[in-house]
Each structure stands twice: as structure tokens, then as C-alpha cells.
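Pulled from TrEMBL, these are the features on record:
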type	residues	note
TRANSMEM	98-120	transmembrane segment
DOMAIN	104-158	domain 'Peptidase M50'
TRANSMEM	126-149	transmembrane segment
Amino acid sequence: MAKKFKVKYKRDGKESAVDVQLNDEKSVKGSGYLGVIPGQTEKMYSTWSAPIVGVATTGQLSYETVKGVGVLLVKTVHGSIGQIFGSAESKESARADLASVSGSVAGPIGILGVLFPSVVNSGIEQIIFVAALISLTLAVMNILPIPALDGGRWFTMTIFRLI
């Protein structure tokens, strides 16, 4: 049986209420249990400010990517050391850290499995944004000083030049 409840909202300074009924899980297709999907805001930038906003957004997303990789590395190291040298309580915490790391990492098929259902209902702008975000994330990952990537080669060459 579907739940009924009252939703109060404020529009133009006036409070109103409406009775709503939740959908069941089987009838929900791409929308919430209430049948409502939040609208997307669209921002238009002037010709001179769009590149500035683009660079700032790229910087923010790059920072978040590096921060996320850092969190994964810290949890991996903490979990590994805790599993090897920890007490019974710390081994449980270490196991939880390693489980969260393994749940946070996915390959191309896993990424598509997460992205496709949400992007399929979005507009072309969101699809382009997701493609750009994936490209930016790959670029940031490629620059990291990991031996198999370009960043590892740059790091090795820099050390070689300094010596």
C-alpha cells in the first residue's frame, strides 16, 4: 500500500501544502518514489567569462580527483598495515577501510554501469560534461608519478636531470 503524506512548500513568500502519495518500487522508472525529478539549472556565461569559469571548474574537478586518489591511497595503506600489524579491533577497522577502497574502484564496465542509467535520462549537455569529466580524470591520473604512466616517466626524467 502506498504511503500518503502532506508536503509543505513556500513559493513567492506564500506557504502552501499538498497531499501526495508515494509510488511503489515497481512503478518507479527514472524518477523518485514521488514521481518528481529535480530540474537542471542552466547558466549562461558571457564570451569573456566562459573560459575563466571553464578553467576554474577544471581546477576544482582536478583537485577533487587528486583528493579522492589520496583518500584511496591513505585507506589502502592504513588497511594493509592494520591487517598485518594490528590488534583485533584495528584489524576490523582496517578490513572496513579495504572494503571501502575496493567498493570505490571500478573498471570501464563498472563505470558505464553506474553512469549509463543516470545519463540516459539527461540531456546532451550532461553527456558531454560526463565525457569531459572522464577525460579530465584520465589526464590527472596519467600525470601522477606512477612508473607505468607518463607522470612516472616525467618524475624519473626530472630526477635523472637533477642528478
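Glycine is treated like the rest: Cβ placed from N, Cα and C.
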- Mind checking which residues of the chain, 6+ beyond the ends of the transmembrane segment (126-149), have their Cβ under 8 Å from one of its Cβ atoms? 40, 58, 61-62, 65-66, 69, 111, 115, 119, 155-156
- Task: Summarise the model's confidence over the domain 'Peptidase M50' (104-158) as a mean pLDDT value.
- Result: 81
- Pull the DSSP breakdown for the domain 'Peptidase M50' (104-158) and write it out as helix, strand, coil residue counts. 42 helix, 0 strand, 13 coil
